[in-house]
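As given in Swiss-Prot:
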- 52, 53, 54, 65, 93, 94, 119, 120, 121, 124, 172: substrate binding site (BINDING)
- 61, 65, 172, 180: Zn(2+) binding site (BINDING)
- 37-192: domain 'SIS' (DOMAIN)
């Protein structure tokens, strides 16, 4: 009944991944991001992560697998997803939705920390404001974006961009794979 649809969806996902893999710059960016994160942890820093919708879930997934575990047991790493509902509702109500991440970065971000900002379009105003707040604090910035990078293009120390111009879910599928690879590489770097 839906076999053709299922095959088409899986083929499109595979094609998106294949296109991402064609650009060696993506591989190098992932490696540089993992080393940057591990170096921050080794120096006593932490990572703050943020995004909206599915990207928010990815930010939370990233943090929980750093503080908890990925594939094997190991010490937890300092990671916070900016996801506290009371913070988000307070700042959203009192200041505006565009400030929900930047206010948190202003409150807890420190020089030597890293911000991971996730936006499939690269145009999320609240993530862009978080990047600006991170810069003010002397933090490093890594972004996961899609399409042409949007307004976030060029704003990060390291941008990992999925150049897919279709639906956002294809970009998110690559983002979650990148997140898992980052964690795996961080674990290897931390074991050195």
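Numbers run from 1 along the shown chain.
Glycine too: its Cβ is placed from the backbone N, Cα and C atoms.
Feature map: Swiss-Prot annotations on the structure.
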{"residue": "52", "record": "substrate binding site", "DSSP (3 states)": "coil"}
{"residue": "61", "record": "Zn(2+) binding site", "DSSP (3 states)": "helix"}
{"residue": "93", "record": "substrate binding site", "DSSP (3 states)": "helix"}
{"residue": "119", "record": "substrate binding site", "DSSP (3 states)": "coil"}
{"residue": "172", "record": "substrate binding site", "DSSP (3 states)": "helix"}
{"residue": "180", "record": "Zn(2+) binding site", "DSSP (3 states)": "helix"}
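The number of other Cβ atoms within 10 Å of the Cβ belonging to residue 172 (substrate binding site), over all protein chains shown, comes to 22. For residue 52 (substrate binding site), the Cβ neighbour count at a 10 Å cut-off comes to 19, with all displayed protein chains included. The shortest Cα-Cα distance from residue 54 (substrate binding site) to any of the binding-site residues (61, 65, 180) is found for 61. Of the candidate binding-site residues, 52, 119, 121, 172, the one lying closest to residue 180 (Zn(2+) binding site) when CA atoms are compared is 172. Each residue contributes its Cα atom, and for residue 172 (substrate binding site) and residue 65 (Zn(2+) binding site) these two points are 17 Å apart. The most densely surrounded of the binding-site residues 93, 119, 121, judged by C-beta neighbours within 10 angstroms, is 119. For residue 61 (Zn(2+) binding site), applying a Cβ distance below 8 Å and a minimum sequence separation of six or more within one chain yields 176, 179. Here residue 65 (Zn(2+) binding site) is positioned 20 angstrom away from residue 119 (substrate binding site), judged by their C-alpha atoms.
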